[in-house]
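*Asks:* What follows is a structure written as structure tokens; I'll ask about it next.
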Amino acid sequence: MADPAQLTVTPSRHEKSLGLLTSKFVSLLQEAEDGVLDLKAAADTLAVRQKRRIYDITNVLEGIGLIEKKSKNSIQWKGVGPGCNTREIADKLIDLKAELADLEQREQELDQQRVWVQQSIKNVTDDVQNTGLAYLNHEDICRCFRGDTLLAIRAPSGTCLEVPVPENTNGQKKFQIHLKSTTGPIEVLLVNKDTSSSAPVVVPVPPPEDLIQAPPAVPSTPQRPALTPQNDIATSPAPTVPHSTISNAESQDCPTGQTFSMENTTSSRLPSIDTCPLQSSASLDNSNDSPDPSTSFQPIKSDLSDVLELPKDMISDFFDQTKECITSDLLEELMSSEVFAPLLRLSPPPGDHDYVYNLDESEGVCDLFDVPINL
């Protein structure tokens, strides 16, 4: 009888099969951290003498897309983890494919609806009867906002718009809009002007020469024009003599309706000069008062070359007194007069030193534009 110790234990054919080794290898791979497994460690764990069998398993699994090689002796699992039901994953995949097909069908329906809408819009715009209804004109906008003031504002890009909290004065709220632009001018237009009223008169400040020298309107009955501060500028004559004495009234501030009076001392030394009368701006107003007989209108010179021959001290004295008359109060009355009534001033009120810049006798163009001169 043979010794039991001498008997060799031979494994069965099932234990040596490649299928059983593959199942053990896949289980070991699924349990590895992050699905990464070292082939040398797997061969030692599975007690595989021939590593060729491990390589055969990895080649098959890589071919069907369940694993991928990370390095020469390292692989990573790409399939489902342990405990996952393959049947549930297959059912979920079928549901996702059905949902995707439904979404594609809805997308086709939306594309068809868009084509129909575009064709309908084209049919409406191409119809001749609908041509006049494709836009809004001035009257359509004004009818929608009856009793309100509409202003069209066109400002460059980057304009700052501020609307302060409205102030409640006597039960009425006063709204203000502040616009500020550093890149270009801001244009403001009045939209809802009544078509039955007269056209607005837009006059710059100060008025141009053609408006001042326009022929006066002859009233049917004697009327007295309302004298406004504008008469102070229009009725101030240019000096007609090289040397004159100014009355005491001129040395004071110019009241309303007052004109300059000069005494001629050397009129015999000047030749005869063509003159033209200066029309008062009061004749432009449609007031019912008769002209004031105390208001005098002096002629002005039509030839500027004769004026330039006058002494510089006399011309400077005249313009100095003219600047004293043009104050901020005078400009305020100009803006509030009937001639400037249609204007809506959006800029700050004028001051006393807006247009009084000049050059001394020793200054030149370089001083005007601040151009440095290197000597």
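The chain as shown is numbered from 1 upward.
Cβ coordinates come from backbone N, Cα and C, glycine included.
Swiss-Prot lists these features:
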type	residues	note
DNA_BIND	12-81	DNA-binding region
REGION	39-61	region 'Leucine-zipper'
MOTIF	44-81	motif 'DEF box'
REGION	82-177	region 'Dimerization'
REGION	197-300	region 'Disordered'
COMPBIAS	220-270	compositional bias 'Polar residues'
COMPBIAS	280-296	compositional bias 'Low complexity'
REGION	299-375	region 'Transactivation'
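On this model, are these features tucked inside or out on the surface, and what's nearby?
*Replies:* According to DSSP, the DNA-binding region (12-81) comprises 37 helix, 12 strand, 21 coil.
Within the chain carrying the region 'Leucine-zipper' (39-61), a Cβ under 8 angstroms from the stretch's Cβ atoms is held by residues 18, 21-22, 24-26, 28-29, 67, 69, 73-75, all 6 or more beyond its ends.
For the motif 'DEF box' (44-81), the predicted model reports an average pLDDT of 82.
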